Amino acid sequence: MSEVTTAEFNEEGKYLRKIRSFVLREGRLTKGQAQAIESQWPTMGLDYSPTPLVLSDVFGREADTVLEIGFGMGASLVQMAKDAPEQNFIGIEVHKPGVGSCLSDAAIAGVTNLRVYHHDAMEVLEHAIADGSLARVQLFFPDPWHKKRHHKRRIVQAEFAELIRRKLKIGGVFHMATDWEEYSEHMLEVMQAAPGYKNQSSDGTVVPRPDHRPLTKFEARGHRLGHGVWDLMFERIA
């Protein structure tokens with residue numbers, strides 16, 4: 001069991017301090033997850049270091065790089081890497097069984113263009129990712145912290161938007177998705193106010209699910225039950 005921290009922001013989105021977001025219970029690794037970590041980490045795992053990655057060294061080539069924050073069990077991330085072999089993918093996840101599951105699926109799929117961090121995403125972004133190096137940042141279904149008193153814990157805040165903008169190259173895209181409509185409205189408000197971005201939606205709101213984001217089983221079930229999912233895509237223009 002380990003403590004996971006997140007940032008706290010004031011009402012203007014100014015960073016205040018790190019606070020404990022939740023206590024992560026690692027859960028038991030399945031035999032397959034443990035074996036995948038042991039066998040695949042040397043080739044697909046990235047050990048955190050507070051110095052920026054040289055992506056061409058990590059992947060052995062120059063290519064657009066997509067980074068996903070909090071990939072869960074990793075099925076969608078592996079599918080994206082498989083569907084776009086011309087791109088590089090980096091996933092960050094603090095839940096160890098999710099890391100094991102992702103590595104297992106990646107090995108089975110035979111993908112070679114995926115690397116994984118088991119670390120705090122804010123630290124990785126701040127220190128291990130060079131400014132202007134990413135073609136896309138993905139944040140899919142983050143915790144909505146739906147109670148008003150917990151809104152300060154939401155990851156999409158003004159300073160976070162600025163951090164992502166710095167890491168994107170000009171023309172790069174910050175892609176968010178949520179199944180909580182009120183959080184999508186919060187995301188839209190934050191991103192519309194963030195300098196250096198342009199909303200890719202034709203009507204200035206949300207976009208249809210793009211082809212590059214796979215439809216998850218959870219999401220497909222939600223559609224059948226009439227639940228919505230909202231995608232937002234903002235391009236770095238400055």
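Note: Cβ is positioned from N, Cα and C throughout, glycine not excepted.
Among the candidates E62, E68, E162, the residue that Swiss-Prot annotates alongside E93, D120, D143 as binding S-adenosyl-L-methionine is E68. Neighbouring residues of the recorded S-adenosyl-L-methionine site, listed in sequence order and excluding E68, E93, D120, D143, comprise I69, G70, F71, I92, V94, H95, A121, P142 (Cβ within 8 Å of the Cβ centroid). When the record's S-adenosyl-L-methionine-binding residues E68, E93, D120, D143 are compared pairwise by CA position, the greatest distance found is 15 Å. The Cβ of D179 has fewer other Cβ atoms within 10 Å than any other of the binding-site residues E68, E93, D179, E219. D120 (S-adenosyl-L-methionine binding site) and T216 (substrate binding site) have their C-alpha atoms 24 Å apart, to the nearest angstrom.
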